[in-house]
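First up is the structure itself, then whatever we jot down about it.
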Amino acid sequence: MRLILIRHGEAVGNDSGVMLGRQDVPLTERGRQQALALREKLPRPNAIYTSPLQRCHDTATLMNPCPDLKIQELAELIEIDQGIFTGLTWAQAQSQHPDLCEELEESDYLIPVPEAESMAMAWQRAKQAWKQLRRHSDEDCVWCISHGGFLQCLISVVLGSDRLWGMEIPPAAWFDFSVRVDLDGRFEAENTRWWRIHAFNQFP
């Protein structure tokens with residue numbers, strides 16, 4: 001299966017550092033142009049999945065090169081819930097929750113944010129998303145439009161990692177993998193003909 005993981009184009013608030021989480025906002029004009037540019041760069045899909053949030057739906061619609069191809073909503077692709085930080089910049093969070101922000105900055109360990117989804121929960125959700133995506137055949141090309149936070153979890157799952165790897169994923173960045181899903185009972189982890197990375201965190 002050819003699997004293309006895509007972060008949505010720039011959305012309202014991205015350029016000012018707002019922690020959007022599950023706040024539903026549209027694309028900026030720049031984000032719309034990014035989505036249109038992506039359509040010309042990627043292999044044509046025969047399946048497109050998107051997060052339920054508008055910025056991903058809009059990106060998927062603008063990118064879709066096949067008028068008859070239905071865009072499918074996959075709830076598991078939604079962004080990580082930022083809890084009480086939703087809609088705030090880091091400076092605003094520091095002003096409203098100074099003790100918590102200081103603890104987050106100084107600790108080497110994960111500190112729970114009230115009302116937020118934990119990374120462990122998001123990672124489990126990524127495993128569920130991957131389980132659904134693997135129902136496709138090896139001949140399929142699948143696009144998934146999601147979010148910068150959640151894609152870190154999904155990429156770790158796709159790569160078979162036993163840990164989460166942090167990375168900055170710009171708006172409209174994409175990751176392009178070939179993965180074997182029809183294994184016929186066999187599994188060769190060292191077979192690089194089955195598992196390939198064609199692009200990693202590329203962006204227009």
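One is the number of the first residue shown, and numbering goes on along the chain from there.
Glycine is treated like the rest: Cβ placed from N, Cα and C.
Keep in mind the model is a prediction, meaning the values are calculated, not measured.
Annotation comment: TrEMBL describes ARG7, HIS8, GLY9, GLU10, ALA11, VAL12, GLY13, ASN14, ARG55 as substrate binding site. Packing around GLY13 (substrate binding site) is summarised by its Cβ count: 16 other Cβ atoms lie within 10 angstroms of its Cβ, all protein chains included.
Annotation source TrEMBL lists active site, tele-phosphohistidine intermediate at HIS8. Cβ neighbour count for HIS8 (active site, tele-phosphohistidine intermediate): 30 (other Cβ atoms within 10 Å of its Cβ, all protein chains included).
Taking the Cβ of GLU79 (active site, proton donor/acceptor) as centre and 10 Å as the limit, one finds 25 other Cβ atoms among all the protein chains shown. Look at TrEMBL and you will find GLU79 tagged as active site, proton donor/acceptor.
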### Rounded Cα separation (Å) that holds between ARG55 (substrate binding site) and HIS8 (active site, tele-phosphohistidine intermediate)
6
### Query
How far apart, in angstrom, are the most distant Cα atoms among the substrate-binding residues ARG7, HIS8, GLY9, GLU10, ALA11, VAL12, GLY13, ASN14, ARG55?
15
### Message
Beyond the listed site residues ARG7, HIS8, GLY9, GLU10, ALA11, VAL12, GLY13, ASN14, ARG55, identify every same-chain residue whose Cβ lies within 8 Å of the center of their Cβ atoms for the substrate site.
### Response
LEU20, VAL25, LEU27, THR28, GLY31, PRO171
